[in-house]
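Q: Pasting a structure below so you can have a look.
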Amino acid sequence: MFQIIFLLSLFLSISNASVQDFCVADLKGSDTPSGFPCKSATTVTVEDFAYSGLIEPANVTNIINAAVTPAFVAQFPGLNGLGLSAARLDLGPAGVIPLHSHPGASELLIVTQGHITAGFVSSANTVYIKTLKKGELMVFPQGLLHFQATAGKRNAVAFPVFSSASPGLQILDFALFASNFSTPLIAKTTFLDPVLIKKLKSVLGGSG
């Protein structure tokens, strides 16, 4: 009998223990490797857990004929500490998201309109490419170079989902040609012709 009472008391004490269900980001605080500090629970509302910023298509009138609209923790504070985020990918005809990587997350791409050719390069330099149609998905492992491009002459839309509230982003072309990385060093490390490098820097706004 004593053991039953003891176990019941233990169960009740565990049930009544304080459990933190969420940590809505206080964006006035500093972002750290573990995320933003928590907003006071008394100021949290349902709006912190809903986001409408991905409804409208983005303007794709730019050099890559594409746009990415993020729903990361900075835009959607309710994601803080939950280990996931999302975005909207709009691709115009001939649109492309150049080779890039997410150092902090794997990516799951869900195509909702049109056709998209997507792929990634493994650390063994094996290339995996597939043309996806509406309703199909493709996964890109964390940190690997990958891309998405319109397949066909119509607009395409997809929604990437990431395994981090802050996945990070580095676009290879921009790292090389939109930065102050010097032309001689780029030529030396990539074997590209300096004339071509200077032309690409002039297009993307790089220097050096």
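Each Cβ is built from the backbone N, Cα and C atoms, and glycine gets one as well.
Not my notes, these are from TrEMBL:
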BINDING   HIS100, HIS102, GLU107, HIS146  Mn(2+) binding site
BINDING   HIS102, GLU107  oxalate binding site
DISULFID  CYS23-CYS38  disulfide bond
DOMAIN    52-198  domain 'Cupin type-1'
SIGNAL    1-17  signal peptide
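Describe each of these features in terms of where it is and what it packs against.
A: In sequence order, LEU99, HIS100, SER101, GLU107, ALA118, GLY119, PHE120, VAL121, PHE140 are the residues of the chain that are 6 or more apart from HIS146 (Mn(2+) binding site) and have a CB within less than 8 Å of its CB.
Every protein chain shown contributes to the tally, and the Cβ of HIS102 (Mn(2+) binding site) ends up with 22 other Cβ atoms within 10 Å.
Cβ neighbour count for CYS23 (disulfide bond) (all protein chains, 10 Å cutoff from its Cβ): 20.
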Q: Measure from the Cβ of HIS100 (Mn(2+) binding site) and count the other Cβ atoms within 10 Å, all protein chains considered.
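A: Result for HIS100 (Mn(2+) binding site): 18 neighbouring Cβ atoms inside 10 Å.
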Q: Cα-Cα separation of CYS23 (disulfide bond) and HIS102 (Mn(2+) binding site), in Å?
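A: Rounded to a whole number, the Cα-Cα distance is 23 Å.
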Q: Quiz question: given the recorded positions CYS38, GLU107, which has the greatest number of C-beta atoms lying within 10 angstroms of its own C-beta?
A: GLU107
Q: In the same chain, outside HIS100, HIS102, GLU107, HIS146, whose C-beta lies within 8 angstroms of the Cβ mean position for the Mn(2+) site?
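A: Close Cβ neighbours, site residues excluded: SER101, PHE120, PHE140, LEU144, LEU145, PRO160, PRO167, LEU169.
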Q: Taking only the Cα atoms, work out how far CYS38 (disulfide bond) lies from HIS102 (Mn(2+) binding site), in Å, as a whole number.
A: 25
Q: Where does the mean pLDDT land for the domain 'Cupin type-1' (52-198)?
A: 96
